[in-house]
(Lines of atoms letter the chains of each structure in order from A and count residues from 1; the text may use other names and numbers.)
(Lines give C-alpha, C1' and ligand atoms only; values in the text may rest on other atoms or scores of the structure.)
Protein backbone atom coordinates (compact mmCIF):
# COMPACT_ATOMS: atom_id res chain seq x y z
CA UNK A 1 0.00 0.00 0.00
CA UNK A 2 1.19 3.36 -0.89
CA UNK A 3 0.48 6.43 1.39
CA UNK A 4 -1.30 9.13 -0.60
CA UNK A 5 1.04 12.16 -0.43
CA UNK A 6 -1.76 14.58 -1.34
CA UNK A 7 -3.34 13.97 2.05
CA UNK A 8 -0.09 14.90 3.77
CA UNK A 9 0.43 17.98 1.62
CA UNK A 10 -2.90 19.33 2.73
CA UNK A 11 -1.67 19.51 6.34
CA UNK A 12 1.89 20.42 5.61
CA UNK A 13 0.81 23.45 3.64
CA UNK A 14 -1.39 24.56 6.50
CA UNK A 15 1.44 24.27 9.01
CA UNK A 16 2.81 27.65 10.12
CA UNK A 17 4.69 29.17 13.02
CA UNK A 18 1.45 29.27 14.93
CA UNK A 19 0.06 25.87 14.16
CA UNK A 20 1.15 22.31 14.94
CA UNK A 21 0.62 19.10 13.06
CA UNK A 22 -0.49 16.15 15.16
CA UNK A 23 -0.81 12.38 14.63
CA UNK A 24 -3.47 11.20 12.22
CA UNK A 25 -4.40 7.70 11.02
CA UNK A 26 -5.72 6.47 7.63
CA UNK A 27 -7.36 3.12 6.73
CA UNK A 28 -6.19 1.50 3.52
CA UNK A 29 -8.30 -1.56 3.09
CA UNK A 30 -7.64 -3.71 6.08
CA UNK A 31 -4.51 -1.80 7.17
CA UNK A 32 -4.30 1.21 9.53
CA UNK A 33 -1.46 3.57 8.65
CA UNK A 34 -0.40 6.30 11.13
CA UNK A 35 1.94 9.26 10.69
CA UNK A 36 3.08 12.26 12.68
CA UNK A 37 3.81 15.51 10.91
CA UNK A 38 4.53 19.11 11.96
CA UNK A 39 6.32 21.06 14.68
CA UNK A 40 5.60 21.60 18.36
CA UNK A 41 4.43 25.12 19.22
CA UNK A 42 2.81 26.23 22.48
CA UNK A 43 0.18 28.33 20.73
CA UNK A 44 -1.41 25.32 19.05
CA UNK A 45 -3.34 22.62 20.84
CA UNK A 46 -5.11 19.46 19.62
CA UNK A 47 -8.62 18.13 19.78
CA UNK A 48 -10.65 15.47 18.02
CA UNK A 49 -13.48 16.26 15.69
CA UNK A 50 -16.70 14.31 15.42
CA UNK A 51 -14.97 11.76 13.19
CA UNK A 52 -12.33 11.07 15.83
CA UNK A 53 -9.58 12.75 13.93
CA UNK A 54 -6.95 14.84 15.72
CA UNK A 55 -7.07 18.42 14.45
CA UNK A 56 -5.07 21.56 15.19
CA UNK A 57 -6.57 24.50 17.10
CA UNK A 58 -5.38 27.64 18.97
CA UNK A 59 -4.66 27.19 22.66
CA UNK A 60 -6.44 29.10 25.43
CA UNK A 61 -5.36 32.72 25.41
CA UNK A 62 -4.91 32.72 21.63
CA UNK A 63 -7.27 33.36 18.76
CA UNK A 64 -7.20 32.50 15.09
CA UNK A 65 -6.46 35.56 13.01
CA UNK A 66 -6.06 34.90 9.29
CA UNK A 67 -5.10 31.28 9.96
CA UNK A 68 -2.57 32.29 12.63
CA UNK A 69 -2.82 31.94 16.41
CA UNK A 70 -2.50 35.40 17.93
CA UNK A 71 -2.26 35.99 21.71
CA UNK A 72 -5.19 37.72 23.36
CA UNK A 73 -4.84 40.63 25.85
CA UNK A 74 -8.22 40.89 27.53
CA UNK A 75 -7.91 44.55 28.53
CA UNK A 76 -6.21 45.62 25.33
CA UNK A 77 -2.65 46.81 24.84
CA UNK A 78 -2.59 50.59 24.46
CA UNK A 79 0.53 51.87 22.64
CA UNK A 80 1.94 48.34 22.38
CA UNK A 81 1.21 44.84 21.06
CA UNK A 82 0.04 41.66 22.71
CA UNK A 83 3.19 39.56 23.11
CA UNK A 84 1.67 36.71 25.13
CA UNK A 85 -1.79 36.16 26.55
CA UNK A 86 -2.42 39.21 28.75
CA UNK A 87 1.24 40.21 28.37
CA UNK A 88 1.66 43.56 26.65
CA UNK A 89 4.94 44.63 25.06
CA UNK A 90 5.35 48.37 24.55
CA UNK A 91 6.13 50.06 21.26
CA UNK A 92 9.41 51.94 20.89
CA UNK A 93 9.38 55.16 22.90
CA UNK A 94 6.82 53.88 25.41
CA UNK A 95 7.14 52.52 28.94
CA UNK A 96 4.91 50.01 30.67
CA UNK A 97 2.35 51.62 32.96
CA UNK A 98 0.42 48.44 33.78
CA UNK A 99 -0.33 45.08 32.13
CA UNK A 100 -2.50 46.62 29.41
CA UNK A 101 -1.26 50.17 28.98
CA UNK A 102 1.99 51.71 27.74
CA UNK A 103 2.68 55.40 28.24
CA UNK A 104 5.06 57.61 26.21
CA UNK A 105 8.56 58.14 27.57
CA UNK A 106 10.12 61.61 27.99
CA UNK A 107 13.32 62.79 29.60
CA UNK A 108 13.14 65.75 32.00
CA UNK A 109 9.35 66.12 31.89
CA UNK A 110 8.82 67.69 35.32
CA UNK A 111 5.67 67.97 37.40
CA UNK A 112 4.64 71.03 35.39
CA UNK A 113 3.91 68.97 32.30
CA UNK A 114 3.03 65.55 30.93
CA UNK A 115 4.53 63.30 28.27
CA UNK A 116 2.02 63.47 25.41
CA UNK A 117 4.14 61.47 22.94
CA UNK A 118 7.59 59.87 22.93
CA UNK A 119 10.06 62.66 23.64
CA UNK A 120 7.28 65.31 23.59
CA UNK A 121 6.62 67.01 26.94
CA UNK A 122 3.46 69.15 26.97
CA UNK A 123 3.12 71.77 29.72
CA UNK A 124 -0.01 72.00 31.84
CA UNK A 125 -2.21 75.12 31.85
CA UNK A 126 -0.45 78.09 33.54
CA UNK A 127 2.92 76.46 32.85
CA UNK A 128 5.37 77.31 30.06
CA UNK A 129 8.70 76.02 28.86
CA UNK A 130 11.65 77.93 30.33
CA UNK A 131 15.17 78.46 29.00
CA UNK A 132 16.26 75.01 30.18
CA UNK A 133 13.34 73.32 28.42
CA UNK A 134 11.43 72.49 31.60
CA UNK A 135 7.78 73.32 32.26
CA UNK A 136 7.77 76.11 34.83
CA UNK A 137 4.77 77.90 36.42
CA UNK A 138 3.73 81.27 34.99
CA UNK A 139 2.53 84.40 36.80
CA UNK A 140 0.34 87.09 35.19
CA UNK A 141 2.52 89.90 36.60
CA UNK A 142 5.64 88.22 35.13
CA UNK A 143 6.93 88.07 38.73
CA UNK A 144 9.57 90.79 38.25
CA UNK A 145 12.00 90.89 41.19
CA UNK A 146 10.68 87.54 42.34
CA UNK A 147 10.29 83.85 41.48
CA UNK A 148 7.09 82.25 40.22
CA UNK A 149 6.83 79.21 42.50
CA UNK A 150 3.31 78.18 41.41
CA UNK A 151 0.76 79.40 38.86
CA UNK A 152 0.14 83.09 39.65
CA UNK A 153 2.00 82.75 42.95
CA UNK A 154 5.09 84.94 43.04
CA UNK A 155 7.67 84.77 45.83
CA UNK A 156 9.64 88.02 46.08
CA UNK A 157 13.42 87.99 46.17
CA UNK A 158 15.26 89.11 49.35
CA UNK A 159 15.00 92.89 49.71
CA UNK A 160 11.61 92.99 47.97
CA UNK A 161 8.04 92.62 49.23
CA UNK A 162 4.70 92.15 47.50
CA UNK A 163 2.18 94.97 47.20
CA UNK A 164 -1.58 94.51 47.39
CA UNK A 165 -1.52 93.92 43.63
CA UNK A 166 1.11 91.20 44.01
CA UNK A 167 3.95 93.25 42.52
CA UNK A 168 7.40 92.80 44.11
CA UNK A 169 8.79 96.22 45.01
CA UNK A 170 12.17 97.03 46.60
CA UNK A 171 12.25 97.87 50.29
CA UNK A 172 14.36 100.55 52.00
CA UNK A 173 15.06 100.17 55.71
CA UNK A 174 14.22 103.81 56.55
CA UNK A 175 11.08 103.82 54.43
CA UNK A 176 12.53 106.24 51.84
CA UNK A 177 10.28 109.15 52.88
CA UNK A 178 10.14 111.90 50.24
CA UNK A 179 11.91 109.58 47.82
CA UNK A 180 11.58 106.50 45.63
CA UNK A 181 13.09 103.17 46.67
CA UNK A 182 14.76 102.14 43.40
CA UNK A 183 16.44 99.00 44.76
CA UNK A 184 16.79 97.32 48.16
CA UNK A 185 18.02 100.06 50.55
CA UNK A 186 18.70 102.42 47.63
CA UNK A 187 16.55 105.55 48.03
CA UNK A 188 16.42 108.23 45.33
CA UNK A 189 15.05 111.59 46.52
CA UNK A 190 12.14 113.19 44.68
CA UNK A 191 12.46 116.56 42.94
CA UNK A 192 12.83 119.36 45.50
CA UNK A 193 14.49 117.08 48.05
CA UNK A 194 18.08 116.15 48.83
CA UNK A 195 19.81 113.77 51.24
CA UNK A 196 21.06 115.06 54.56
CA UNK A 197 24.07 113.74 56.48
CA UNK A 198 21.93 110.84 57.72
CA UNK A 199 20.97 109.83 54.20
CA UNK A 200 17.35 110.97 54.54
CA UNK A 201 15.55 113.02 51.90
CA UNK A 202 14.90 116.54 53.20
CA UNK A 203 13.08 119.38 51.37
CA UNK A 204 15.12 122.14 49.74
CA UNK A 205 14.33 125.82 50.35
CA UNK A 206 16.11 128.00 47.80
CA UNK A 207 18.01 130.68 49.72
CA UNK A 208 17.97 128.60 52.87
CA UNK A 209 15.63 128.69 55.84
CA UNK A 210 17.60 130.47 58.58
CA UNK A 211 15.84 130.59 61.94
CA UNK A 212 13.24 128.17 60.64
CA UNK A 213 12.55 124.69 59.27
CA UNK A 214 12.11 123.81 55.61
CA UNK A 215 8.89 121.80 55.75
CA UNK A 216 8.49 121.27 52.00
CA UNK A 217 10.27 122.41 48.85
CA UNK A 218 10.55 126.23 49.18
CA UNK A 219 8.22 126.24 52.19
CA UNK A 220 10.05 127.67 55.22
CA UNK A 221 8.37 127.61 58.62
CA UNK A 222 9.83 130.08 61.13
CA UNK A 223 10.93 128.85 64.53
CA UNK A 224 9.24 130.03 67.72
CA UNK A 225 10.05 133.70 68.42
CA UNK A 226 10.63 134.46 64.73
CA UNK A 227 8.36 135.79 62.02
CA UNK A 228 8.42 136.30 58.27
CA UNK A 229 9.78 139.61 57.10
CA UNK A 230 8.83 141.44 53.92
CA UNK A 231 11.69 139.60 52.22
CA UNK A 232 10.17 136.25 53.28
CA UNK A 233 13.00 135.51 55.70
CA UNK A 234 12.58 134.52 59.34
CA UNK A 235 13.56 137.43 61.63
CA UNK A 236 13.34 137.59 65.44
CA UNK A 237 10.18 139.05 66.93
CA UNK A 238 10.07 141.44 69.90
CA UNK A 239 6.69 141.78 71.60
CA UNK A 240 7.48 145.38 72.61
CA UNK A 241 8.30 147.83 69.85
CA UNK A 242 12.03 148.23 69.40
CA UNK A 243 12.22 151.94 68.42
CA UNK A 244 15.68 153.26 67.60
CA UNK A 245 16.99 149.72 67.60
CA UNK A 246 16.42 146.26 66.12
CA UNK A 247 15.19 142.95 67.42
CA UNK A 248 18.40 140.92 67.62
CA UNK A 249 16.79 137.85 69.19
CA UNK A 250 13.25 136.94 70.19
CA UNK A 251 12.19 139.70 72.66
CA UNK A 252 15.77 141.03 72.78
CA UNK A 253 16.11 144.61 71.47
CA UNK A 254 19.51 145.97 70.55
CA UNK A 255 19.81 149.77 70.24
CA UNK A 256 21.18 151.44 67.16
CA UNK A 257 24.48 153.32 67.33
CA UNK A 258 24.06 156.61 69.25
CA UNK A 259 21.37 155.10 71.47
CA UNK A 260 21.39 153.23 74.72
CA UNK A 261 18.85 151.20 76.61
CA UNK A 262 17.15 153.25 79.34
CA UNK A 263 14.07 151.85 81.06
CA UNK A 264 13.59 149.23 78.33
CA UNK A 265 13.74 151.89 75.62
CA UNK A 266 16.49 152.94 73.25
CA UNK A 267 17.22 156.58 74.11
CA UNK A 268 19.57 158.89 72.12
CA UNK A 269 22.99 159.70 73.53
CA UNK A 270 24.36 163.28 73.73
CA UNK A 271 27.96 163.27 74.89
CA UNK A 272 27.78 166.96 75.85
CA UNK A 273 25.51 167.69 78.78
CA UNK A 274 22.11 168.82 77.56
CA UNK A 275 21.27 171.13 80.51
CA UNK A 276 17.87 172.80 80.31
CA UNK A 277 16.98 170.59 77.40
CA UNK A 278 16.69 166.98 76.37
CA UNK A 279 18.56 164.78 73.90
CA UNK A 280 16.18 164.13 71.04
CA UNK A 281 18.69 162.36 68.79
CA UNK A 282 22.30 161.26 69.02
CA UNK A 283 24.33 164.40 69.79
CA UNK A 284 21.22 166.51 69.22
CA UNK A 285 20.02 168.57 72.18
CA UNK A 286 16.66 170.26 72.11
CA UNK A 287 16.18 173.09 74.60
CA UNK A 288 13.24 173.07 76.92
CA UNK A 289 10.48 175.69 76.69
CA UNK A 290 11.77 179.08 77.76
CA UNK A 291 15.32 178.23 76.74
CA UNK A 292 17.25 178.66 73.52
CA UNK A 293 20.54 177.37 72.18
CA UNK A 294 23.38 179.87 72.32
CA UNK A 295 26.53 179.89 70.22
CA UNK A 296 28.16 177.46 72.59
CA UNK A 297 25.33 174.93 72.10
CA UNK A 298 24.12 175.53 75.63
CA UNK A 299 20.47 176.00 76.45
CA UNK A 300 20.08 179.36 78.26
CA UNK A 301 16.91 180.98 79.64
CA UNK A 302 15.06 183.48 77.52
CA UNK A 303 13.65 186.76 78.77
CA UNK A 304 11.43 188.05 76.00
CA UNK A 305 11.66 191.73 77.15
CA UNK A 306 15.34 191.53 77.52
CA UNK A 307 17.30 192.04 80.74
CA UNK A 308 19.28 195.38 80.53
CA UNK A 309 21.85 195.82 83.24
CA UNK A 310 21.22 192.28 84.46
CA UNK A 311 21.10 188.69 83.26
CA UNK A 312 18.29 186.25 82.58
CA UNK A 313 18.62 183.56 85.16
CA UNK A 314 15.42 181.70 84.23
CA UNK A 315 12.78 182.01 81.59
CA UNK A 316 11.34 185.53 81.86
CA UNK A 317 13.32 186.04 85.03
CA UNK A 318 15.82 188.88 84.97
CA UNK A 319 18.31 189.42 87.78
CA UNK A 320 19.93 192.89 88.06
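Any Cβ shown, glycine's included, is placed from N, Cα and C.
Listed features, source TrEMBL:
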DOMAIN    72-103  domain 'EGF-like'
DOMAIN    138-169  domain 'EGF-like'
DOMAIN    171-202  domain 'EGF-like'
DOMAIN    204-235  domain 'EGF-like'
DOMAIN    237-267  domain 'EGF-like'
DOMAIN    269-300  domain 'EGF-like'
TRANSMEM  26-46  transmembrane segment
Check: Are there residues at least 6 beyond the ends of the domain 'EGF-like' (138-169) whose Cβ is under 8 Å from a Cβ of it, and what are they?
Finding: 125-128, 181, 183-185
Checklist line | Long-range environment of the domain 'EGF-like' (72-103) - Cβ separation under 8 angstroms, sequence gap at least 6 | finding: 60-63, 115, 117-119
Next item on the list: Could you pull the average pLDDT for the domain 'EGF-like' (204-235)?
Entry: 94
Notebook entry, point to check: Apart from its near flanks, which chain residues at least 6 from the ends of the domain 'EGF-like' (204-235) lie with a Cβ under 8 angstroms of it?
Noted result: 191-194, 247, 249-251
Check: Reported in the order helix, strand, coil, what are the DSSP residue counts of the domain 'EGF-like' (72-103)?
Finding: 0 helix, 18 strand, 14 coil
